[in-house]
């Protein structure tokens, strides 16, 4: 091997002896020394293997629907780590100002054997497309969706069941906000269709403020069929639509309920609407015609929670 002076017969030319190597002394890594195993090459942002992996992810793959996601922000990251969400790497920006959340995140990641990598903030910006990462990001595998039957069974075990189903909701921020509202008002989970729907992406994780780590989300191959199955098991299917014929004031929230939320633009699809036992609306004052889907869902969930407290 060239330059190996220990090899028999090796001769080093005069003047080629290397001088003393000068490095950083480990200053950049000292803050995270002993905090966790070194990530593999494909997880290091500037490593050629990572660049190849990223390029490969951008290519369309036959049958592939979900990719590894990056959860951003101190609250969502900490919630994921507290909930034991499977994670592949924790990235921390160099020189970031630490607080209790960041310190706990690093500690939990180390205890769980999650690789921790300190990177320049500019690298973190590029990794997250300049989203508001607050100096920390957690790489997680695709979300593990629950089965609709399992979601319902768990809800029925702690009656009265309160579930939310989404129809024509394509914005992951709406999904994340609704997941957060379901958790806040004592709901048991969210049901989404497998096609033409927002999924639990990094954007949804962040909008949910980490609630997606503890609130199950199920995927149905056919939303209408899943709702009919739930109805057969004693769950009242209540649609939420601006054109609903029942005012929220007249809604009886004491029974096991699944609230089906339609999009602000399209509302409920025809088949889903026909599956509903009733369709409620939120009365509006003034010129405002409709509410954002996540806001409307929060209003209905708050009303049901109020009724169940009294």
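In case you wondered, yes, glycine gets a Cβ from its N, Cα and C as well.
Note that the structure is predicted; figures quoted are calculated from it, not measured.
For reference, Swiss-Prot has these:
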BINDING   262, 282, 291  S-adenosyl-L-methionine binding site
COMPBIAS  49-62  compositional bias 'Basic residues'
REGION    1-70  region 'Disordered'
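Positions of the features from Swiss-Prot, shown on the structure.
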residue : record                               : DSSP (3 states)
262     : S-adenosyl-L-methionine binding site : strand
282     : S-adenosyl-L-methionine binding site : coil
291     : S-adenosyl-L-methionine binding site : coil
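Considering only the residues assigned to S-adenosyl-L-methionine binding, 262, 282, 291, the longest pairwise Cα distance works out to 13 Å. Sequence-distant neighbours of residue 262 (S-adenosyl-L-methionine binding site) (same chain, 6+ residues apart, CB-CB distance under 8 A): 167, 168, 169, 239, 240, 241, 268, 269, 272, 293.
Sequence-distant contacts of residue 282 (S-adenosyl-L-methionine binding site), defined as residues of its own chain at least six apart whose C-beta falls under 8 angstroms from its C-beta, comprise 240, 242, 248, 291, 296, 299, 300.
Cβ proximity to the S-adenosyl-L-methionine site centre (mean Cβ of 262, 282, 291, cutoff 8 Å) flags the following additional same-chain residues: 240, 241, 242, 261, 264, 281, 290, 292, 293, 295, 296, 297, 299.
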